[in-house]
Amino acid sequence: MSRENGNDNNETPPSSQKTTTKKQLCCRCNQRRPALKRPKTLEQICKECFYEVFEEEIHCVIVENRLFKAGERIAIGASGGKDSTVLAYVLSELNRRHSYGLDLFLLSIDEGITGYRDDSLETVKRNEIQYGLPLKVVSYKDLYGWTMDEIVKMIGLKNNCTFCGVFRRQALDRGAALLKVDKLVTGHNADDIAETVLLNILRGDIARLGRCTAITTGEDGPIPRCKPFKYTYEKEIVIYPCNLNSHL
């Protein structure tokens, strides 16, 4: 009994034993510690690899869907929001890195809504300088002779969003025509497309349901529209500029 007690006394108590835990590393490079879990794939990934895979996936979408041809003039619909700002930066970077041979332009619409578009237009003007992309601002006032504020005074608040949506789509088309571009790209992402699908299902709009998931629309018209962010999650678009705040 005393020998057993002696052996017990010589054993190291569990609480004092050193426990070693393996440090988790980025699942892609296996070198750096992960900075985030990708919403799209749930991978634990470092920020350097996130930048790389985010941009590479968009490059693959562009190449696999043959969105552009060398020498084309491309207008980027620039609202000053997160989607179009990230799109402008990524597309300009990929154009340079992979030698797409595109002439890129920023196209922004000024609806004439006091306190709504002013700040975002300033963002677009900063993008023009930061990314070195020519900017064209087209206003409702110039195109239609009315600002949206003036239209609301005439028709009231009811259905004003419907009017504005129609005017905005037409303004983008007319602005793209003024720039003499071959295609117009927008920042519509996977979340936007999913919402549109559900909305068209609820409305029973079969015709639009068949068109809304296409990566390129309007090919039968003068200026097709492309969605390079078709497979990109909104959460990752939000994360991207947070990590690249020195650029965006």
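Keep in mind that glycine also has a Cβ here, set from the backbone N, Cα and C atoms.
TrEMBL annotations:
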- 74-231: domain 'tRNA(Ile)-lysidine/2-thiocytidine synthase N-terminal' (DOMAIN)
- Gly77, Ala78, Ser79, Asp83, Ile109, Gly187, Asp192: ATP binding site (BINDING)
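The average pLDDT computed for the domain 'tRNA(Ile)-lysidine/2-thiocytidine synthase N-terminal' (74-231) is 91.
Every protein chain shown contributes to the tally, and the Cβ of Asp192 (ATP binding site) ends up with 17 other Cβ atoms within 10 Å. Of all Cβ atoms in the shown protein chains, 21 besides its own fall within 10 Å of the Cβ of Asp83 (ATP binding site). Among Gly77, Ala78, Ser79, Asp83, Ile109, Gly187, Asp192, the residues given in the record as binding ATP, the maximal Cα to Cα distance rounds to 20 Å.
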